[in-house]
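Features reported for this protein in Swiss-Prot:
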- 71-97: disulfide bond (DISULFID)
- 75-85: disulfide bond (DISULFID)
- 150-190: disulfide bond (DISULFID)
- 178-202: disulfide bond (DISULFID)
- 212-289: disulfide bond (DISULFID)
- 233-272: disulfide bond (DISULFID)
- 327-366: disulfide bond (DISULFID)
- 355-378: disulfide bond (DISULFID)
- 441-465: disulfide bond (DISULFID)
- 615-682: disulfide bond (DISULFID)
- 645-661: disulfide bond (DISULFID)
- 672-700: disulfide bond (DISULFID)
- 129-207: domain 'Kringle 1' (DOMAIN)
- 212-289: domain 'Kringle 2' (DOMAIN)
- 306-384: domain 'Kringle 3' (DOMAIN)
- 392-470: domain 'Kringle 4' (DOMAIN)
- 496-724: domain 'Peptidase S1' (DOMAIN)
- 33: pyrrolidone carboxylic acid (MOD_RES)
């Protein structure tokens, strides 16, 4: 698969600032060894950004490197550069770095866009405030506190001095800018142009004075990147030295830019993880704004008689929990001590002992006056009527009680009371009929993938509803593969079909062809069902008449396989849950199971496979040869845990429940285009199962880069549910 790249201009088209888009980057650090400088934390990142500076005299430096970390290290050291490095651009596709003596604030610089480029600017050159004594300040203020113009550092007029740029390398004694080369008290200063005043400090504010927040800082999006004790913050897109769940791509609305202080979890004020291995996190010193101007989109709608969403805007006077126990006053520490006080949560209306939701919990709550019951929810407060556009669900949505009544494909839901017989057919308990109101989307069978409903369309008996998880409610990360909880194999016996033991051949392997050309692989999991990847059928309303499933073949070019092959049309396509990258294909007629065509077993729902288990992938995809022979090939991989997988991906990957990681035993082996949809087959207790599905990843069989597969065990219940209910 080829990836497009944009070439940098040979001479003087440079790059910078369009918008912030964090991508994970790994910073090397070894505990127990001398701590290495986390230089990437000293740069502000602007993704897909370029700059243009049309000046033939400007020099730049370029070199092939392995990562943005290397670029940052070279820029900070400034070794071998004929200029002071203020910024760099990293070309992700070509692994090349471009170092610049200018940044986005320099004169004559124009902004641009470059898909493959990320710009990093040294924060010291773009800050308009100082941290601590201001020893790192490299801004352009050149006037003293009393308004006197500064004397250039390389000049001896009107004042002779020893602070020459050549004597203080690295202190950026450029032009006549205010500096603090010795890190003295008082902050940046300069010699003045007034013969009567030798030197004077400059009026540059502390960053803690410039930055301000409203309420408890949940909407703060400023560039404060140090804690109140002066520790540098860890980047949100990194897991070193502290592992955490607040990944920018998982919480796109939390403002996780670079390593800036944020408050994503309802703490009293903004905070950050630190670069100190012994200090996981600390609060940041950000003052309250004098005028509490709050972005209206960040303020929950206030209600007094009912709650909207999670009830963060509830301002009513209910003061007991659901069972009638009175609430404890928020300004009291008896009988329960706590830090959720009116002082710490100024904008949360913590008056008296009224039920509130100051920390983003499921609903309004309070500490109770019962010493044996610390907190309780005020679930007796009714929910306000909400439109479907505001709907969301928590967990798997089994408690969702909204009024949406359409599927994700736009079909109108049918009444639950007309479908109770079908519902009883695939669940083994009596559903709560009180929740199955009218034709609203619900989750009576505890489906792991959210609310759904029956439809009046016989070809689509049921489907999921277009409801998202509530903000902050995300798919948890995968369990540790070193400690499997559920065995994936359902039996220790080999499967037998029609009295014939399943062959050691790969009879379950399917070649999906479009107009007689192989496009994807697939797995025959039932006589009438094939499991494959969604990417093989990108258009939801695609005409299936041009698609065929070829079974029982080894040579995708059909040579010498007339007797064993079965060619079946596809009658139906069922898309998997949102984000699953899976589809199930219903065959026009069942496959005939014989010595050349067989089914592959599915794993138990939610099971895990031990790390280092050897598995295999199969496919007819790209092999690196111009004239591929079209033969089915196999590559052996081993299951890899989350931590090790993340290391191989330079910290850019954190597996969740729906993903599985496997690395090649042979360098350069792995799935490529044409293999997508094919299976990752593992064996447990002498039973082979399809544990993963190949989907497009981060390149094709890249050395030391394990593949990320769809974890079939996470979707096993959905697969069984579809097979059971899609009868036509």
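Any Cβ shown, glycine's included, is placed from N, Cα and C.
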Requested in this report: Can you see whether DSSP assigns residue 645 (disulfide bond) to helix, strand or coil?
Outcome: helix
**Report entry** Tally of residues which DSSP labels helix, strand or coil - the domain 'Kringle 1' (129-207)
**Finding:** 1 helix, 15 strand, 63 coil
Requested in this report: Compare the C-alpha of residue 75 (disulfide bond) with the C-alpha of each of the disulfide-bonded residues 190, 202, 233, 272, 441, and give the closest one.
Outcome: 233
Query - Candidate disulfide-bonded residues 97, 150, 327, 366, 441, pick with smallest Cα gap to residue 202 (disulfide bond) - result: 150
Query raised in the report: How many helix, strand and coil residues does the domain 'Kringle 4' (392-470) contain under DSSP?
Result: 10 helix, 19 strand, 50 coil
Report summary line: Of 178, 233, 272, 289, 615, the disulfide-bonded residues lying within 10 angstroms (C-alpha) of residue 190 (disulfide bond) are 178
Query - the domain 'Kringle 3' (306-384): DSSP-derived helix, strand, coil residue counts - result: 0 helix, 14 strand, 65 coil
**Report entry** residue 212 (disulfide bond) CB neighbourhood, other CB atoms within 10 A
**Finding:** 18
Query raised in the report: According to DSSP, which kind of secondary structure is residue 71 (disulfide bond) found in, if we only use helix, strand and coil?
Result: helix
Report summary line: Neighbouring CB atoms within 10 angstroms of the CB of residue 366 (disulfide bond), all protein chains considered, total 27
Requested in this report: Mind tallying the domain 'Kringle 2' (212-289) by DSSP state, helix then strand then coil?
Outcome: 0 helix, 15 strand, 63 coil
Report summary line: Quick note, residue 378 (disulfide bond) and residue 233 (disulfide bond): C-alpha atoms separated, nearest Å, by 37
